[in-house]
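Asks: Below you'll find the structure I mean.
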Amino acid sequence: MTQAITVEESRELDDKTINKIGIPSLVLMERAGLKIYENMLDNKDLDLSNVLILAGTGNNGGDGLVVARLLATHGYQVSILTVGNPDHASEDHLAQARICNYYQIPKVFMNADFNKFTTLVDALFGSGLSRNVGGDFATIIDKANASTAKIHAIDIPSGLNGDTGDVMGTAIKAISTSTVAYPKVGMLKDQAKPYTGKIYVDDIGIYRGNAFENE
């Protein structure tokens, strides 16, 4: 079985890769987006004829925006729904949003009919979720699960606890998930399996050694 890591170990690997080794976070985001795009092409259970990216305002959402651009530039029909406070958006998310604006990728809003889309990409939360999902995020997750579209999740299905695999109020039910370097331990728990679907583990250049080695 593929080795799994905790959420804290994942944070430490990210920190070492970006701040000690020196690979820029935006480079990692581009690599992640390309791998996710390739995973989606690989999964023949996904119909990519009309895709909606559900993007939070953090770096998980930024990964989703890279996927949106790659789909658009390869001729796929794709739209973006951004959920969350734009005033709290990460710098890398804002950079990807500007690129999507350049390519004039359509935006939709909370009242969009999800049933008209064939695939939804869950880029709402990463693995660091520590409290129950509420508000607009819970509304979007429940709406996505109730739709006829199939869902591909980025990093971990939004609403799952990365360490325990427990549902934090509500969670995306994906048919496939792209995660980087290692899966989180919670993703391999029995209770998480109905939510993760097929798991793709992608190498994007994250440091894969011992996160706790002596410097």
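Quick reminder: no glycine exception, Cβ is built from N, Cα and C everywhere.
Here the structure is a predicted model, which means the values were calculated and not measured.
When I checked Swiss-Prot for this same protein, it listed these features:
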BINDING   ASN59, ASN60, GLY61, GLY62, ASP63, GLY126, SER127, GLY128, LEU129, SER130, ARG131, ASN132, ASP155  (6S)-NADPHX binding site
BINDING   ASN60, ASP122, SER158  K(+) binding site
DOMAIN    10-212  domain 'YjeF N-terminal'
Asks: Given that the record lists ASN59, ASN60, GLY61, GLY62, ASP63, GLY126, SER127, GLY128, LEU129, SER130, ARG131, ASN132, ASP155 as binding (6S)-NADPHX, what is the largest C-alpha to C-alpha distance among them, in Å?
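Replies: Largest pairwise Cα separation, rounded: 23 Å.
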Asks: Taking the domain 'YjeF N-terminal' (10-212) alone, what is its mean pLDDT?
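Replies: Mean pLDDT for the domain 'YjeF N-terminal' (10-212): 96.
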Asks: Taking every protein chain in this structure into account, which of the binding-site residues SER127, SER158 has the most other Cβ atoms within 10 Å of its Cβ?
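Replies: In terms of Cβ crowding, the pick is SER158.
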Asks: Relative to the Cβ position of ASP122 (K(+) binding site), how many further Cβ atoms are located within 10 Å?
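Replies: Result for ASP122 (K(+) binding site): 28 other Cβ atoms within 10 Å.
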Asks: I want to check the contact list for LEU129 ((6S)-NADPHX binding site): same chain, sequence separation of six or more, C-beta distance under 8 angstroms. What comes out?
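Replies: The answer is SER158, GLY159, LEU160, ASN161, GLY162, MET168.
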Asks: Which one of these binding-site residues, ASP63, ASP155, has the sparsest Cβ neighbourhood, judged by other Cβ atoms within 10 angstroms?
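Replies: Comparing Cβ neighbours within 10 Å for the binding-site residues ASP63, ASP155, ASP155 has the fewest.
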Asks: Which residues, in sequence order, are found in the same chain with Cβ within 8 Å of the centroid defined by the Cβ atoms of ASN60, ASP122, SER158 at the K(+) site, excluding those residues themselves?
Replies: LEU54, GLY56, GLY61, GLY64, ALA123, LEU124, PHE125, GLY126, ALA153, ILE154, ASP155, ILE156, PRO157, ILE172
Asks: Measuring Cα to Cα, tell me the gap between ASN59 ((6S)-NADPHX binding site) and ASP122 (K(+) binding site) in whole angstrom.
Replies: 13
Asks: Have a look at the binding-site residues (ASN59, ASN60, GLY61, ARG131) and report the one with the fewest Cβ neighbours inside 10 Å.
Replies: ARG131
